[in-house]
Amino acid sequence: MSEHLCLPVSKIINWPLDLFIGVPIFFILSGFLIWNSLENTLDFKQFFSKRILRLYPELWVCLIVEILSIVLFYEKPVPVSDYVLFTFTQGTVLQFWTPDSLRGYGCDTPNGALWTINVIVQFYVFIYWLRNWLNKQGVKTWIFLLLLTLVVGGICPILPRLMPVLVGKLFMQTLLPYSWLFFAGVFIQRYKERMLGHLIKFWWVYFTLYVINVSVGMDIYVMKYPMIRCLLLTLFMIGFAYRYPMIHVGKDVSYGVYIYHMIFVNIAIALGYTRSWMAFGIVIVVTWAVAYFSTIFVGEYSRRIKERILSAGR
């Protein structure tokens with residue numbers, strides 16, 4: 001957010017911010033959690049219903065807020081047809097598309113964070129249909145697949161240069177470039193029983209190595225993401241979480257923060273509040289407040305529906 005609001009950030013402040021890498025950890029933990037969910041799901045209908053209810057009700061309410069913010073704070077005219085198409089794409093799986101008429105709003109995309117929805121829905125479908133085959137494979141096959149996804153992720157940025165521009169852009173919105181992140185999470189979940197004791201005992205080692213990695217700044221980049229840093233952070237987080245299960249942060253508002261934060265960043269930009277730490281603070285407070293209410297109202301409603309689906313399937 002600090003970059004979008006053009007805030008001057010010193011190295012001292014920026015260093016701890018570098019410790020957190022959002023999108024790759026979101027994908028890895030999604031793989032970790034979804035594989036566990038798959039093992040407790042009867043069929044595709046139940047699995048996909050749970051996933052849709054997890055993502056879309058809060059997303060659709062967020063979309064209403066997003067459209068209202070554009071109507072209220074964007075000074076340039078937008079054709080009704082663009083509003084209709086944009087609403088459809090934002091509310092389905094085509095969040096990466098933004099009409100030219102909206103490119104002047106905020107940081108040029110009304111809610112750029114939502115591009116990951118499309119990728120994660122692809123992962124849901126793909127991993128479900130691979131589940132039975134994967135469960136029959138041994139650890140050597142799993143390691144080979146993990147290495148294969150890393151190689152694929154490494155060459156994916158090159159492939160669009162060999163394609164027509166539009167095809168290349170669409171290719172980069174597929175699951176393939178990011179498959180290594182999801183599969184890393186799936187791998188850890190699949191072999192959790194073997195790895196967990198080690199992770200619980202040595203979580204602090206992975207954290208130390210992670211801090212050193214961030215400080216040194218040397219890594220292997222796969223799809224613009226630092227591979228070693230991503231894996232070290234994941235191993236630390238999982239080990240720490242299982243080592244200290246009594247630590248509870250209350251309501252998990254992370255999804256709400258993820259889908260709402262760029263809406264309020266863009267409102268601040270549209271109102272001219274860049275280079276303002278006060279605006280930065282207000283954006284954070286408003287984002288967390290809206291995310292909290294989204295979680296306790298819309299999210300809880302979705303959770304109750306999921307429980308009914310699970311009860312009906314038993």
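Even glycines carry a Cβ here, placed using N, Cα and C.
Note that TrEMBL annotation is computational and uncurated.
Copied over from TrEMBL:
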DOMAIN    20-293  domain 'Acyltransferase 3'
TRANSMEM  12-35  transmembrane segment
TRANSMEM  55-74  transmembrane segment
TRANSMEM  112-130  transmembrane segment
TRANSMEM  142-160  transmembrane segment
TRANSMEM  166-188  transmembrane segment
TRANSMEM  200-220  transmembrane segment
TRANSMEM  226-243  transmembrane segment
TRANSMEM  255-273  transmembrane segment
TRANSMEM  279-299  transmembrane segment
| task | Mind checking which residues of the chain, 6+ beyond the ends of the transmembrane segment (279-299), have their Cβ under 8 Å from one of its Cβ atoms? | result | 1-2, 5, 7, 57-58, 61-62, 65, 251-253, 255-257, 259-261, 264-265, 268, 273
| task | Tally Cβ pairs under 8 Å between the transmembrane segment (112-130) and each listed stretch (142-160, 166-188, 226-243), then give the stretch with the top tally. | result | 166-188
| message | Can you tell me which parts of the same chain pack against the transmembrane segment (255-273), counting only residues 6+ beyond its ends and a CB-CB cutoff under 8 A? | response | 1, 4-5, 22, 26, 54, 58-59, 62, 65-66, 69, 73-74, 105-107, 109-114, 279, 282-283, 286-288, 290-292, 294-295, 299
| said: With pairs fewer than 6 apart in sequence excluded, do the transmembrane segment (55-74) and the transmembrane segment (142-160) have three or more C-beta pairs that lie under 8 Å? | reply: no
| remark: Sequence-distant residues near the transmembrane segment (166-188) by C-beta distance (under 8 Å, 6 or more away from its ends) are 24, 27-35, 96, 115, 118-119, 122-123, 126-127, 134, 142, 145-146, 149-150, 152-153, 156-157, 159-160, 195, 222-223, 225, 227, 230-231, 234-235, 238
